[in-house]
Amino acid sequence: MEISTLATYHCLAFVWYFFVAYSITHIKTEERPSEVFLYGGQWKYLTVLNLVLQAVFYGVSFLADVLRLIKKLRCAKCVISSRDLLFSVLAFPVSTFVCISFWTLYTYNRELVYPKSLDGVIPLWLNHAMHTAVLPFALLEIFALPHRYPAKKKGLILLGFVAFLYISWVLWIYSVTGEWVYPLFALFSPPGLAAFFAGSLAIIISFYNFGEFLNRMIWGQSKFSR
């Protein structure tokens, strides 16, 4: 894909994610159901954090494209490294996890992850923007251009560290409020919850490996962005 086309795509994707993140974070207080958006606000939900993550990623990607267009290659090289690290370790696996885990649990019992009371607050288009569109965007990015993946050990350590931070945030909110971020967590005993978190980490690691596999199959082992 031509650099100018990539720049246009990444700019539009950045604007889209910024708009979606803005929309969800500016729901009027009086419209919010009593059981959600309390302590921690929207920032306790992985879905919302992922929107911010995607906006940052596409903003960095657009910056890299602009630097390449104006021939600032030395600066571009550094930004491209940051872009590829963001995409490989976080943007692709997290967006894939958000989409697949949400709709799996929603199909099983929506009250565990997305109470029906939210239907009157969050429009259908916004629900799909947060939970559905994130996966096609991630896949399109893989097909649009190659990404340099870090060494496997480094990538998994970084992914595991971010997962640890989010789990710690979830547990902290429970310790303060006595309420779980997602009603699903209340179904588990402490050992069961630990097993659930471990299983979720294993799933997101599998998505990391899947992204790396797709990148290699589409672009080959040695073709990377410069």
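Yeah, the Cβs are placed from backbone N, Cα and C, and that goes for glycine too.
Automatic, uncurated: that is what TrEMBL annotation is.
Copied over from TrEMBL:
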{"type": "TRANSMEM", "residues": "7-25", "note": "transmembrane segment"}
{"type": "TRANSMEM", "residues": "45-64", "note": "transmembrane segment"}
{"type": "TRANSMEM", "residues": "85-105", "note": "transmembrane segment"}
{"type": "TRANSMEM", "residues": "125-144", "note": "transmembrane segment"}
{"type": "TRANSMEM", "residues": "156-174", "note": "transmembrane segment"}
{"type": "TRANSMEM", "residues": "180-208", "note": "transmembrane segment"}
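Highest Cβ contact count with the transmembrane segment (7-25) among the listed stretches 45-64, 85-105, 125-144, 156-174, 180-208 falls to 45-64 (criterion: pairs under 8 Å). Only residues 6 or more beyond the boundaries of the transmembrane segment (180-208), in the same chain, are considered here, and those with a CB under 8 A from a CB of the stretch are 40, 44-45, 88-89, 92-94, 96-97, 100-101, 105, 111-113, 115, 155-156, 159-160, 163, 167, 170, 173-174. Same-chain neighbours of the transmembrane segment (125-144): 1, 6, 9, 13, 16, 20, 23-24, 47-48, 50-51, 54, 61, 87, 91-92, 95-96, 98-100, 102-103, 106, 114, 118, 211, 214-215, 218, counting only residues six or more beyond its ends whose CB sits under 8 Å from a CB of the stretch.
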